[in-house]
Every structure is written in structure tokens, then in C-alpha cells.
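Per Swiss-Prot, these features apply:
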| type | residues | note |
| --- | --- | --- |
| BINDING | T28, G29, S30, T31, D83, G84, A85, D86, K96, G97, G98, G99, K123 | substrate binding site |
| ACT_SITE | E105 | active site, proton acceptor |
Amino acid sequence: MNKEDLKRQAAARALDEVRDGMKIGLGTGSTAKHFVELLGEKVRAGLDVIGVPTSEVTRADAERCGIRLTTLDEIDRLDLTVDGADEIDPRLELIKGGGGALLREKIVAAASDRMIVIADETKWVDCLGHFPLPVEVIPFGLAATRRAIEQACAEVGASGRLQLREGKDGHAFVTDGGHWIIDAHLGRIPDAPRLAQLLSAIPGVVEHGLFIGIASTVVLAGTDGIRTVERA
């Protein structure tokens with residue numbers, strides 16, 4: 001069984017939590033795409049739900065699958081958000097944003113009663129940081145912002161290369177919100193909650209990919225089956 005099969009299994013398990021009439025946040029990334037496709041099959045079979053996409057890519061996927069969409073300007077709360085993650089630790093703290101949609105993903109997740117994270121077993125780690133941490137930044141004053149990010153990382157005992165993400169054209173990758181992303185290659189983040197606080201306080205940082213205290217449930221698919229972990 002390959003990794004895509006495992007992702008689809010996790011997505012299918014999360015779909016079991018969806019009920020008629022729900023308002024659902026639709027995540028971004030390869031695993032979340034499986035959920036959108038499976039949800040679309042249920043919608044075509046008569047399930048009545050409405051979704052809020054976390055990126056323009058997900059919006060296009062959902063529309064293609066026939067899922068009715070809205071925005072957080074039209075509704076105030078969501079019943080559920082289903083999204084993937086780049087890393088998950090035992091406290092259900094996450095690194096997200098490898099696909100560049102971290103800002104909208106966090107806004108949508110925070111507006112939800114529950115967040116279910118779906119992933120294959122390789123995303124489960126003892127300590128966050130092996131996957132580069134995305135930090136979404138304003139282009140203005142980039143050098144000053146980069147220095148402040150370095151200082152924040154150092155304060156929690158993390159260090160490594162900070163790299164401006166590039167798009168396929170070789171220029172700076174631009175998010176749906178018009179911002180840039182600095183990827184922090186830290187290897188290990190000893191205190192993710194503290195780093196999240198420090199990054200959020202930096203002028204020039206729009207958002208970061210540390211999701212702390214947001215995920216309610218993690219569904220992990222592996223070669224031995226599916227494991228569900230609830231936040232304590």
C-alpha cells in the first residue's frame with residue numbers, strides 16, 4: 001500500500017464524522033484533496049453540506065467536485081474542519097503550511113468547533129522541526145523580519161537556515177494573501193508553544209505554521225491500520 005492509499009484511508013475515516021447540514025472547513029494539500037474528492041462523492045449522492053475552502057486551489061477542487069461553498073463572511077462558525085499536516089507531535093501540535101496556505105488554514109480552523117487532522121503515519125514525530133517551519137511575512141522590511149525570526153528561534157534553543165521560498169518561476173513564492181514565506185529549517189523545536197508566541201509578536205510576520213491547541217483529533221493511517229488520537 002502506497003502513501004496516497006494511506007492518505008485516502010485517513011480521509012475516508014474523517015468523512016465518517018460528517019453529517020447532513022454541516023458547515024465544513026476544507027483543507028489544502030495532497031491529503032486534504034482526498035477528503036474533498038470523497039466528500040464530493042457523498043454530495044453527489046445526496047449529502048447536504050456547505051464548505052469553506054482554505055485556498056484558491058481547494059476552492060477549484062471543491063467546485064469541480066460539486067461541493068457548495070461559502071465564506072466566513074457569510075457564516076460565523078463551522079462545525080468541522082478537515083485538513084492535513086506536515087508534522088504532528090504527541091500533544092497534537094502541528095507544523096502546517098508546506099503548501100503555502102497556512103494563514104487561511106489557521107483562520108478557518110480557528111473558526112471551527114472541531115479540527116480533524118488527517119495524515120499518513122510518517123507525519124507523526126516525537127518533536128516538531130524536521131519539516132521546515134513556514135513563516136508568512138510582509139515583503140517590506142524582509143531583512144529586519146528575518147533577523148527577528150532568527151532571534152525568536154534562538155530564544156527557544158532552535159537554529160538553522162532561513163530560506164525565502166521560491167515559486168516555479170524562480171521568484172519569491174506569493175501566497176493567496178499576497179505575502180511571502182520564509183521556511184525555517186530548524187531540525188528540532190524544543191518549545192513549539194513558546195516559539196509560536198514569539199513569532200506572532202514580530203512586526204512583519206503575518207502568520208506562522210505552528211498550530212498549537214487547535215487540532216481536536218488526528219487520524220493516522222499506517223500499514224497496520226488506522227489510529228485515532230484525541231487531544232487530552
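Glycine is no exception: its Cβ is also placed from the backbone N, Cα and C atoms.
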For G98 (substrate binding site), the nonlocal same-chain Cβ neighbours (under 8 Å, six or more residues apart) come out as G29, D86, F131, P132, P134, G209
Quick one: which residues besides T28, G29, S30, T31, D83, G84, A85, D86, K96, G97, G98, G99, K123 have a Cβ within 8 Å of the substrate site's Cβ centroid, in sequence order? G27, A32, E105, A119
Between A85 (substrate binding site) and E105 (active site, proton acceptor), how far is it from one CA atom to the other, in Å? 11
Looking at the binding-site residues T28, S30, the one with the fewest other Cβ atoms inside 10 Å is S30
Compute the C-alpha separation of K123 (substrate binding site) from E105 (active site, proton acceptor), stating it in Å without decimals. 18
Going by DSSP, is S30 (substrate binding site) part of a helix, a strand, or coil? helix
For substrate, with binders T28, G29, S30, T31, D83, G84, A85, D86, K96, G97, G98, G99, K123, what's the maximum Cα separation in whole Å? 16
Across all chains shown, how many C-beta atoms besides its own are within 10 angstroms of the C-beta of K96 (substrate binding site)? 30
Taking only the CA atoms, the spacing between the residue listed as 'active site, proton acceptor' and T28 (substrate binding site), expressed in whole angstrom, is 8
